[in-house]
Amino acid sequence: MKGDQELQVIVQQAKEPIPTDQDEKSSVSGSQTKVSHSTYKRWLRMAVYTFFVISGQSVATILGRLYYDNGGNSKWLATVVQVVGFPILLPYYLLSVKTHTTTHRDGKITSLRNRALVYIVLGLLVVAACYLYSIGLLYLPVSTLSLICASQLAFTAFFSYLLNSQKLTPIILNSLFLLTISSTLLAFNSEESNSKKVTKEEYVKGFICTVGASAGFGLLLSLQQLAFRKVLKKQTFSEVMDLIIYMSLVASCVSVVGLFASSEWKTLSNEMENYKLGKVSYVMNLVWTAVTWQVFSIGGTGLIFELSSLFSNAISALGLPVVPILALIIFHDKMNGLKVISMILAIWGFVSYIYQQYLDEENLKKSHGIPTTESPDPPEAEGSSEQSK
């Protein structure tokens, strides 16, 4: 009887399929297919977000210049349209919050007072930076303005060093030097805007305000990182969107108060009546300026969540050559030798900055034992990663 039972066990084991090397390879290839599919989807999202950042920023800058060139003169109104379009983000927020899930939960809940303080401080900083940017856009040619704005990367790295303990490597220092020289060269540019006469004092005022706006946006980005790390304690999709929406709400309220406090609102009716392209074009210019700035915000938010805030800032600087080219075509801005040299130095500094970010990502992957390239033999790759540990 015992022998019959043993025989039945042997027969059952013989009937069970024995996993072969081909089955193991097929399962591994199936998992690799899923990973590569998710990777492609992630790269597609990043490409879309990058397009939103570059196109939104470029079109909004051109529309802002069109406003001034055709009779617009309200700096506070130009500030309002940069921040007041944030309700457009609400449908995107509601549709995307279901797909952006996270398993991270922090046991500590940020108090409402600290959260409100973060929103108010950052909102005030947004208003200040946007107002300075509006002044620079009023007095400077668009091509000059965009080249000066490239210094935002340098300010971001500097404030990240002070507030977030970012390391200043030789490559980052090279990037800071090149971006600083690129902006400084434009201080000696005596070019006037083609549409209106700008005095030397107004040019200097526009230059200083644009540099101040770049510094403000660089400080804003570093403070956002500090807020996520010290106050909000996490960087989930909902936290990023909450920060942007409430920060924009504060900025919108303050900028509207500034519009009425400065009495510029009294001139808006005459401004619309005398607008060179007509009343409809006046309204459409303001509406689409607000929309395109929020398209820029959607792209920047997506890049922040997919990668990092620093990468989002770097991508916004990637649109550096786009605005001068559009300004050359639309406004016939002159591209003199000084601007060409400034553009080359700015692009060089941008490439150095991006290369340092690439090195940091590679080092981070190596420290966590993540293979940086796909190996044709997965088991060997896994073994090598275990040996590296």
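Glycine is no exception: its Cβ is also placed from the backbone N, Cα and C atoms.
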According to TrEMBL, transmembrane segment applies to one of these ranges: 14-34, 203-223. Which one is it? 203-223
Could you check whether the transmembrane segment (203-223) and the transmembrane segment (116-139) come into contact, where contact means at least 3 Cβ pairs under 8 Å with the two residues of each pair 6 or more apart in sequence? yes
Of the listed stretches 46-68, 74-95, 282-305, 310-331, which one has the most C-beta pairs under 8 A with the transmembrane segment (116-139)? 74-95
